[in-house]
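Reading through the structure tokens given below for one structure.
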Amino acid sequence: FVSYQVEILDWKTKEQLCFLDKVEPNATIREIRLMFHKLYPRWYPARQSIKLDPKGKSLRDEEILQHLPVGTTATLYFKDLGPQIGWTTVFLIEYTGPLFIYFLFYFRMPFVYGLDERFTSSPHPVVNLACICHSFHYIKRLIETVFVHRFSHGTMPLRNIVKNCLYYWGFAAWLAYYINHPLYTPPSYGKKQINFAVIMFLLCEAGNFSIHVALSDLQRNGSKTRKIPYPTKNPFTWLFFFVSCPNYTYEVGTWISFTIMTQCVPVGLFTLLCFIQMTVWAKDKHCTYLREFKDYPSLRMPIIPFLL
């Protein structure tokens, strides 16, 4: 067979970092990353972005050298992504914080409200219910992180963890402060409003979990090949008929129901920001599906059936 020669240049300075001789044609980008790592131990594979063009997209691990638009002397570009952290660790940190932060306000620690013993618990049942639902949501997320999710990208930049934690932890504290405050007033329509919200909350949580399981099943046996997700026998997955990312649809529904349940302005603002962010993610994923699959179902929208 004809062996390849691979030169790897710095994406910014175009300086040659290494020259790999006699590389097999069927070598994957992952194998090239490992060769590069041997020469530069500080740049472990997860930290490397290998590209065909300095301003282009990173090549995927499974891409094969001879299938790339290069000659027998291939020029690739390296970009340092910085220190990385595994997605499982990221999610565990992000989701454990809100769980415990909420309890600080629910149990009304003296340093939070500075109250005497008469105000150590709320007279409103909805406050207890809100704590149960909030805790359930994040416990579910932790369980999914450990047992359900399969990540197509193994890591994210370490610097992003601070930003993500500020978002999740900060909002958890803000929501909890107002929901558990001694001056908190329950929803205007009382039990009817609360009961409706709880039913909606549980349905959306079940739907979100069902979609995560369905997506996980697509990558069974460690496959990282992207596939079109389709509805299964589970009725909660039938939302795939109409949207590309029903997990985001259900997630937004969860927070809308929590807003109705608590009738709290900070929760509503958090829900709005969640919707905006998840719409951005859903549109991006929807465009990726359209680009990669010519037979992608034309009826689907990114996040809201028939609208958005």
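Glycine residues also receive a Cβ, built from the backbone N, Cα and C atoms like all the rest.
Quick look at what TrEMBL annotates:
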{"type": "DOMAIN", "residues": "5-80", "note": "domain 'TECR-like N-terminal'"}
{"type": "DOMAIN", "residues": "155-308", "note": "domain '3-oxo-5-alpha-steroid 4-dehydrogenase C-terminal'"}
{"type": "TRANSMEM", "residues": "85-107", "note": "transmembrane segment"}
{"type": "TRANSMEM", "residues": "166-184", "note": "transmembrane segment"}
{"type": "TRANSMEM", "residues": "196-215", "note": "transmembrane segment"}
{"type": "TRANSMEM", "residues": "235-250", "note": "transmembrane segment"}
{"type": "TRANSMEM", "residues": "256-276", "note": "transmembrane segment"}
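Proximity of the transmembrane segment (166-184) to the transmembrane segment (235-250) is not established, fewer than 3 Cβ-Cβ distances being under 8 Å for residue pairs spaced 6 or more apart. Here the transmembrane segment (256-276) has Cβ contacts under 8 Å with residues 126, 129-130, 133-134, 137, 171, 174-175, 177-179, 184, 186-188, 193-194, 196-198, 200-201, 204 of the same chain, all six or more residues outside its ends.
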